[in-house]
Amino acid sequence: MNEEYDVIVLGTGLTECILSGIMTVNGKKVLHMDRNPYYGGESASITPLEDLYKRFKIPGAPPASMGRGRDWNLDLIPKFLMANGQLVKMLLYTEVTRYLDFKVTEGSFVYKGGKIYKVPSTEAEALASSLMGLFEKRRFRKFLVYVANFDEKDPRTFEGIDPKKTAIGEVYKKFDLGQDVIDFTGHALALYRTDDYLDQPCCETINRIKLYSESLARYGKSPYLYPLYGLGELPQGFARLSAIYGGTYMLNKPIEEIIVQNGKVIGVKSEGEVARCKQLICDPSYVKDRVEKVGQVIRVICILSHPIKNTNDANSCQIIIPQNQVNRKSDIYVCMISSAHNVAAQGKYIAIVSTTAETKEPEKEIRPALELLEPIEQKFVSISDLLVPKDLGTESQIFISRTYDATTHFETTCDDIKNIYKRMTGSEFDFEEMKRKKNDIYGED
């Protein structure tokens, strides 16, 4: 370990593992350490079930009705992958897909007036849906056609709208969309957590709706994918990539000190030895004095013995509870997966509820979601701080990831990865460039 590295990475969360993989593919000498004996950090999948009981300090062993402990892989952070999103592109370009198997999530649902409705995934479903009335459907369809034809590079598709200036709220007005349709569009399709986006230029929202519909078009049932054996497989896949390119991995390594000289990182001390480095990447838990809290997320892992009611017995789904429906500022999400994904014992379902906490009693805030899941066999409640770095890290060369937010997909995580990459290298993250580098090493195959 007493060596010189270009980059040392602390923590094996998804953000850290992807950056570690990218850096090694770029020819950097990388040492990657984690104080835990397992991969994944905050975004780990916990197995066996007994370990989750211990982690959440639930007394006693899981009851026999839970089946074999080894059959469980429980994600601490619930997220799906958008089928056409940035993370899938990163997986494809780096060929990490060869280590993973994905399943399409069976449906996406939205909560309205105390009931859940399927988010239409085909035109026929849209016409038959009772989410909106007939005239609303026509106006909504016009809006979706506009979005589908919209091209940032072709002003003829703008129809008098300035994508960089016109607020999306104005665009909704132009198409005469009602409040329910606006809620549905912003929260179930563009996947915004709050209504703060309404005053922002419309370009971002249009691109988000495009991402949703392109992701949906790939597989048809829903725009979401989920890896067999749980999300913990993702960081491990990128760790393998890093190892192939000569990255060094050490788990179960207590980190004693990050050594800084004249305001700049020069190394990391572990078990009395010092590894030197030019740059450091880490998650907030390794540098508590360099991050600040900007909020909290509540997540509740619920074990069920039944599919969620009114989901057509889906073995996996997402439910979005728009904030307006429950008088909140942020949406509440439910991600549900099951034994079909090799993450639970036969006949069992895992539903994870999450949202940004807004009061001192976050458990009360998520009651509408828990009511949809009844009866719940066992629940595990976690409230975690949302932490962000206090500075960009360009002076100290210590680059800190943000904690995982309450969104149910990895787009914001990928934004963070690209942002850190730019701060570290001074250049934009380029998927194509990465692909070329891989071909140089492997040759064209």
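Each Cβ is built from the backbone N, Cα and C atoms, and glycine gets one as well.
Per Swiss-Prot, these features apply:
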MOD_RES   MET1  N-acetylmethionine
MOD_RES   LYS57  N6-succinyllysine
MOD_RES   LYS112  N6-acetyllysine
MOD_RES   SER130  phosphoserine
MOD_RES   LYS269  N6-acetyllysine
MOD_RES   SER382  phosphoserine
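Distribution of Swiss-Prot features across the structure.
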{"residue": "LYS57", "record": "N6-succinyllysine", "CB count, 10 Å": "7"}
{"residue": "LYS112", "record": "N6-acetyllysine", "CB count, 10 Å": "19"}
{"residue": "SER130", "record": "phosphoserine", "CB count, 10 Å": "9"}
{"residue": "LYS269", "record": "N6-acetyllysine", "CB count, 10 Å": "15"}
{"residue": "SER382", "record": "phosphoserine", "CB count, 10 Å": "14"}
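When Cα-Cα distances from the residue listed as 'N6-succinyllysine' are compared across the modified residues LYS112, SER130, LYS269, SER382, the shortest belongs to SER382. In space, SER130 is the closest of the modified residues SER130, LYS269, SER382 to LYS112 (N6-acetyllysine), judged by Cα positions.
Looking at SER130 (phosphoserine) and LYS269 (N6-acetyllysine), their Cα atoms lie 61 Å from each other. The distance from the Cα of SER382 (phosphoserine) to the Cα of LYS269 (N6-acetyllysine) comes to 31 Å.
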